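First comes the structure, then the notes that go with it.
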Amino acid sequence: MAGIKALISLSFGGAIGLMFLMLGCALPIYNQYWPLFVLFFYVLSPIPYCIARRLVDDTDAMSNACKELAIFLTTGIVVSAFGLPVVFARAHLIEWGACALVLTGNTVIFATILGFFLVFGSNDDFSWQQW
């Protein structure tokens, strides 16, 4: 039952994050849809780590270069997702209020993605791989 509660809370967090993103785009005072480009970063961020987990054997306790590269690439994607709305606001493509809403949505969405990997990432009997 704990897995169902975690799944429901993660989906609630994702919905709240997407709501902040949509508010930053669709409110009548902002009315610019440029911030929707951060959706690409939401999709791309877990991919390097998922590939590294499939390729690397988890039995050794030492750090692995493949996992370190995956974490580095994921960090670059997350930083880019936070930087893109700021660049849009500095270029006057979006307003600063929309930038703040998108950054809030980014924080919630990436916390949800991190929570997903913390809850379902272990290789015990309740894993995300069964979904």
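Cβ atoms here come from the backbone N, Cα and C positions, even for glycine.
Copied from TrEMBL, the annotated features are:
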TRANSMEM  7-30  transmembrane segment
TRANSMEM  36-56  transmembrane segment
TRANSMEM  68-88  transmembrane segment
TRANSMEM  94-120  transmembrane segment
| said: Cβ under 8 Å, sequence separation of at least 6 from the ends of the transmembrane segment (36-56): give me the contacting residues as numbers and ranges. | reply: 21, 25, 64, 66-67, 69-71, 73-74, 77-78, 80-81, 84-85, 102, 105-106, 109-110, 113, 116-117, 121
| field | Intrachain neighbours beyond the transmembrane segment (94-120), with Cβ under 8 angstroms and 6 or more residues off its ends | value | 3, 6, 9-10, 13-14, 16-21, 23-25, 27, 29-30, 32, 34-35, 38, 42, 45-46, 49, 78, 81-82, 85-86, 88, 126-128, 131
